[in-house]
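A.B. asks: Below you'll find the structure I mean.
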Amino acid sequence: MNTVRVTFLLVFVLAVSLGQADKDENRMEMQEKTEQGKSYLDFAENLLLQKLEELEAKPLEEDSEESRNSRQKRCIGEGVPCDENDPRCCSGLVCLKPTLHGIWYKSYYCYKK
């Protein structure tokens, strides 16, 4: 019975001592992985920041380009004389001859469609 106890005690001591060594090793590995993880996180954060800056800059460029190119030229409002050959009526208006009889300064005016 003593041999069983001694054997059990010996196995127990070996397991504890080897377990402690593994625990220290695991702790060191975890620290290394944590440091590597931080560097990966920093790299990923910088990459994400660059992408975000690119995305933020893109709409601003598009907006400024649109505002330069899509600006509507001055147009003529409703009931204002217009030129038959070069109508500059605002959107939704058409350059037409007036339907009423009378003396008009010009023969064409901007009317709603």
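Backbone N, Cα and C define each Cβ position, glycine as well.
According to Swiss-Prot, the protein has these features:
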SIGNAL    1-21  signal peptide
COMPBIAS  57-69  compositional bias 'Basic and acidic residues'
REGION    57-83  region 'Disordered'
DISULFID  Cys75-Cys90  disulfide bond
DISULFID  Cys82-Cys95  disulfide bond
DISULFID  Cys89-Cys110  disulfide bond
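Relative to the rest of the structure, where do these features sit?
C.D. replies: DSSP assigns Cys90 (disulfide bond) to coil in the three-state reduction, outside any helix or strand.
Secondary structure from DSSP puts Cys95 (disulfide bond) in a beta strand. With a cut-off of 8 Å between CB atoms and residues at least 6 apart in sequence, the same chain places Cys82, Asp83, Glu84, Pro87, Cys89, Tyr108, Tyr109, Cys110 near Cys95 (disulfide bond), listed in sequence order.
Around the Cβ of Cys89 (disulfide bond), the number of neighbouring Cβ atoms within 10 Å comes to 22.
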